[in-house]
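Only one structure is covered here, and it is reproduced in the block below.
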């Protein structure tokens, strides 16, 4: 119904309440090109409001809508051509990729109890054990021989290619004591003593965070042994006295019965507590596998004191695996599997290993405990590092795990710790808790608490210039932390994370237990080589696809449209950043073309076309009638012809893939979309500010994410039944949450600029209308809260919607995430030429990794 241009009041009754609008004399200037004015075509649906034009009242002025002036697109053809690298996928690259995939699959399939390197320290303790037959020989002579054969050139024992003074000094001290006990290797002992004398002082130069676990317990105890054996060591060095004092202080803080009350990390260092341990009581805390917290050294010390057969069985088990040496702890089966899965996912190569990942996670889940897990399946002491990693990965893969497991690791002050009784936290464990906290479900307050606590800790670590870690020596842990804080889960797209982690990943990273150790199934060159080759290969295909999209854009005449934003590369970046696998090329193309039309038509309906012409456009889509184009202005002719031809082609391809006609489905999707655009145009024309609920009901559709997803889903490689389509359809909670979160993040970053251009309806403004007593700042805060809660619910829908094919679930969820990225700091689509999005596009599509 058109409002008449008379001086008389008119009333349109559509509900129970009345709102005043001003008179309109003539037609409303839409601020478009000369001679074009927006007619007041109004279509009112059902609702509680009625709008009236009230004579003599002017409750708000009707501003001239400001013509949209968009920055020109940055990614023109000549820019894209100038950035095209010389890289092409060579046959040798394809062959190498296949070889690496096979080797890594075999790596996953061969995972047992954990692969790791020798620990000279633990091997020395096992070598101390006298033969059980009473002969004056070692029970494990092969371990003693290993010590004799593996002294380094500088006289130390330890990891040859990674010098850590704490680690070298501790291992060297253990080895020279063992050799002295067995009265062998005099030359090695003297070289070891010389190393100790010349290098011990370097410990003072190392960060406290690099001090191995339990060092202040076992090192002073071994020094006491060395002194009793007459070894000439510099016992009076200041740092040695400081370590002894730390040991005494720690033991004084230890409640007398804590050692025996429940399993703690003290079980890991019993060799350093021999003078205070009640050996009968301690046996109650022995693990099922016979070890004490998987530590060969601790277990060896207990065996020498008790002769316990299960201890001996454990040591025999470890030596059967490793031959003539032992690691610093074993097994490491849960740790190895979780971190291997996390590594291939972060490097972006997980799509090659779906079966292997499932097998690994099935194994972990079979040993999941509601109190948490440790690094091994029979480890009685859970830690927050493995638990948080397990909670996040298992949840995202659809396993039923509760966030309540984190309560095990929260103290009375609300702070989170790694182990029971621990006073120091590490960067890597807090980083993993932080990453975990972002996959929260609604109402999980423990996840919110974990997020706030770990963000505070990690930001402080960065500000202090540290970000060094007590559990790992990584290539660039600082870079990992910076990425996680800047791009948390809901704005971290897979290709961007892969790019970042390829740069931060260390194939030679080491971990810190009681000694330094390596995990070759977690850190290795094969993962990195495959990640680089695969990234560059996928990027090459993406560049070719983008060129095809550019040709489509130009041949359709869209470059002639002066009223809209040309953002072809930025829009293509969206699906390429998450649905990146080569087999989804058609889906990416459909996603990009559909998205481009949502931008064109949004700009058309928002501020360019008259309402009469918009009605004609909508009717043309509804009737799918090209003949109506003759009644349209030239720019709208270009729009509709391109629209008509493109979606006819898409529908034909969809028919082939789905085995049924999909054109009517696509039409209906677009009808709903254009209705939402039209309603916004009507509101804008009369300066109508709806209630928040009324606004969101329409705006969650007008954001157009649903239209993009519902059409693109036809090309995910799955046959989509009506039942499946209903689960991601307009009435589904899943799709609604995607649209809601996309709309809210858009509004929070653009409402002020759009208000200056004459727009009156946004989530913030509509909420303020419902609650006139609150400030704009309070309204904005409330909208953010709504969005955060909706993102939590979106997590749950994504994880639990297992009736929906994985690729369709990804399509919905990742589309919500890309919106969080684009509107992270502002309007990343409109202003992408001078924002970080430009760098993301470049890194994702044009810049190969070296």
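Each Cβ is built from the backbone N, Cα and C atoms, and glycine gets one as well.
According to Swiss-Prot, the substrate binding site annotation covers 250, 470, on the basis of similarity to another entry. Residue 250 (substrate binding site) is surrounded by 14 other CB atoms, counting those within 10 A of its CB over all protein chains shown.
Within its own chain, residue 383 (Mg(2+) 4 binding site) has 372, 373, 374, 375, 409, 418, 419, 429 as residues 6 or more apart in sequence whose C-beta sits under 8 angstroms from its own. The Mg(2+) 4 binding site annotation in Swiss-Prot covers 383, 385.
The Mg(2+) 1 binding site annotation in Swiss-Prot covers 602, 606. Residue 606 (Mg(2+) 1 binding site) has a Cβ environment of 21 other Cβ atoms inside 10 Å.
Residues or ranges marked as Mg(2+) 2 binding site by Swiss-Prot on the basis of similarity to another entry: 602, 606. DSSP assigns residue 606 (Mg(2+) 1 binding site) to a helical segment in the three-state reduction.
According to Swiss-Prot, the feature Mg(2+) 3 binding site maps to 746, 750, 754, an assignment based on similarity to another entry. Other Cβ atoms within 10 Å of the Cβ of residue 750 (Mg(2+) 3 binding site) number 19 in total over all chains.
Look at Swiss-Prot and you will find 383-386 tagged as motif 'DXDD motif'. Remark: secondary structure over the motif 'DXDD motif' (383-386) totals 3 helix, 0 strand, 1 coil, with classes taken from DSSP.
According to Swiss-Prot, the feature motif 'DDXXD motif' maps to 602-606, an assignment based on a curator's inference. Across all of the motif 'DDXXD motif' (602-606), the predicted model scores a mean pLDDT of 89.
If you look up Swiss-Prot, you'll see 1-52 marked as transit peptide, on the strength of sequence analysis.
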On a C-alpha basis, identify the one among 470, 746, 754 that is nearest to residue 606 (Mg(2+) 1 binding site); the candidates are the binding-site residues.
754
Out of 385, 754, which of these binding-site residues shows the lowest number of other CB atoms within 10 Å of its CB?
754
Using a 10 Å radius on the Cβ of residue 470 (substrate binding site), the other Cβ atoms enclosed count 21
What count of other C-beta atoms do you get within 10 angstroms of the C-beta of residue 746 (Mg(2+) 3 binding site), across all chains shown?
22
Within the same chain, where does the motif 'DDXXD motif' (602-606) have neighbours whose Cβ lies under 8 angstroms from its own Cβ atoms, ignoring anything closer than 6 residues to its ends? I mean 6 or more beyond.
68, 70, 563-565, 614, 617, 636, 639, 674, 677-678, 680-681, 684, 702, 704
Students should find that the Cβ of residue 602 (Mg(2+) 1 binding site) has, within 10 Å, a number of other Cβ atoms equal to 19
What whole-number Å value do you get for the CA-CA distance of residue 250 (substrate binding site) and residue 602 (Mg(2+) 1 binding site)?
66
Between residue 746 (Mg(2+) 3 binding site) and residue 385 (Mg(2+) 4 binding site), what is the CA-CA distance rounded to a whole number of Å?
35
Measuring Cα to Cα, tell me the gap between residue 750 (Mg(2+) 3 binding site) and residue 385 (Mg(2+) 4 binding site) in whole angstrom.
39
